[in-house]
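The domain 'ABC transmembrane type-2' feature in TrEMBL is assigned to A:22-248. The transmembrane segment feature in TrEMBL is assigned to A:27-46, A:53-72, A:92-111, A:118-139, A:145-165, A:172-190, A:227-246.
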Amino acid sequence: MNPNRVYAIILRFLFNFRHNLDQVFDAFYWPVIDLLLLGLTTSYFAKQSTNPSAILLTILSGIVFWILVWRAQHELTTGILEELWSRNLLNIFGSPLTFAEWLMAIITLSLIKAIISFSFTVCVAFILYQTNLFIYGFYFLPLGLLLLMFGWAVGTLISGVIFRYGTRIQTLAWAGVMLLSPFSAIYYPLSILPPWAQKVALLIPTSYIFEQVRGLINNQSLDWQKLGIAFGLNLVYLILSVIFLYRSYQQTLKNGLLSVY
Amino acid sequence: MAILKVDHLTKTFGRFTAVDHISFELQEGEILGYLGPNGAGKTTTIQMLLGVLTPTSGEVSYFGKPLAKNRQEVMEQINFSSTYNDLPHRLTVQEIMLYTSYLYEIANRSERIQKIREVFHLHKLWHKQIKELSAGQTTRVGLAKALINYPKVLLLDEPTASLDPDVATYIRQFLLTQQEKFQVSILITSHNMAEIEELCDRVIFLNKGKIIADDTPINLAKTIQISHVTLMITDGMKRTQEICNNQKLSFKVEGRYITINLPEKQIPDFLKNILEKGIEYSEISIDKPTLEDYFLQIAEKK
């Protein structure tokens, strides 16, 4: 793993970010819109409950924690899409860059952008609703890491699909992880889901994590066993998705990189 | 010394064979023209030489080392430019040079980028995004990118297509300088046969994925027997055309000029014949066969 080459790809995307208003919107605009719409709606309904601050905190926590999953997945998939749109694959893979270095660069970049978007949204939430989302303290680290892992696993899987089928299925870059959000129980307890959906949710790591987030809001301690299950599932999904992406890349090399444009 | 060795390289896509057991070598400091009609397999070969297309069989070696097993080491020493490939359109020229310099781990980064900027006259384009450039300017930036890592081998796919004639001439001179000064080995594809004749020490002709000729441009042109005789007819254009038709010679008429394609040995008899028929002409030029004629012959056979 050569750090200069990893840095080269990070630099290439940071330059791109600077010139691309769409990406700036993705990073800052939509999280704020979510905060405003969901936050204000929740504020209104929460006033009729006995514990309005806990309800607001649950929804706002869901919004900001989900940003980690969304950004991790979205950055990975738009990374490959950006190369396809720019017809730049030959330039990067016709250089000394290895596949592992490229993947490492994209993952690092998604981590940086996820942290920026997350921090920005947490600050906006504090300004708008005087809600302190830093209450999670040290627990943020394992929860955040597990959410990022799941985003990377889904992002890697979708990148593999895009490598195989090109831009004609690019909508997956936006729809991707959102398909799994209902099973993740971001804003509501798992028990709300129908029985069949609860069984599906058992296979989705984020469902365990958001249950723990709500548990912390209700002054419960973290269930490390549940987080262990989430970590195990994440690890399996991440390994499988990286294998799938690598095989898709090899398939593309067999068919010709130009064939995916 | 062979810098690049291609050994029985083959690429099939389903039942279609794009490149069929080709073998050749590129020597140190040699400029090799890699020619053929559209669909002959040129770009497919270049992609395999770059390691971005897996061969069905055969092997590519650089500096005596197989590309498949020594990809990183080899790729640090080669580079490419292709008209079939774009550059990130949102990035400025400066940004492209900067990130590419990290990609190839250029030691004296600032100096090298500065030098490339001067050599390719990129000053005015430096802070422009690729999407703001013309096709010719983008090609120039692509070539600049290809030379950033002091490559020992350059793979150029139609490098001067879309360039203005003066810029194309400058680029050709630049490539020749690179060859002379730094012994850079260059494999080049082009549809501009004059350019190939000017640049290349040797030419490989590809047709339907197979190498059908491997020789110097002059020797290849010599295999064509047909010369082109152009006459400015002052009296008897119709009779000249009748003679050509009778002798089954192909010709082209442009105003008072007629260009007749005929074997070099038949030229004296042909001229004598038209004089005997009372045809008068005031200008004559005889063009020997060129690489272009060789190319056209192959394209016709295709």
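Placed from the backbone N, Cα and C atoms, the Cβ positions cover glycine too.
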Recorded stretch that, among A:53-72, A:92-111, A:118-139, A:227-246, has the most CB pairs under 8 Å to the transmembrane segment (A:172-190): A:53-72
Stretch with greatest number of CB pairs under 8 Å, the transmembrane segment (A:118-139) reference, A:27-46, A:53-72, A:92-111, A:145-165 candidates: A:53-72
Maximum Cβ pairs under 8 Å to the transmembrane segment (A:53-72) - stretch from the list A:27-46, A:92-111, A:145-165: A:27-46
Surrounding residues of the transmembrane segment (A:27-46) on its own chain - C-beta under 8 Å, 6+ positions past either end: 52-53, 55-56, 59-60, 63-64, 67, 71, 113, 116-117, 120-121, 124-125, 128-129, 187
Non-local residues, at least 6 beyond the ends, that sit with Cβ under 8 Å of the transmembrane segment (A:145-165): 65-66, 68-77, 79-81, 84, 103, 107, 110-111, 114, 172-173, 176-177, 180, 204-206, 209, 227, 230-231, 234-235, 237-238, 240-242, 244-245, 247-249, 251-252, 260
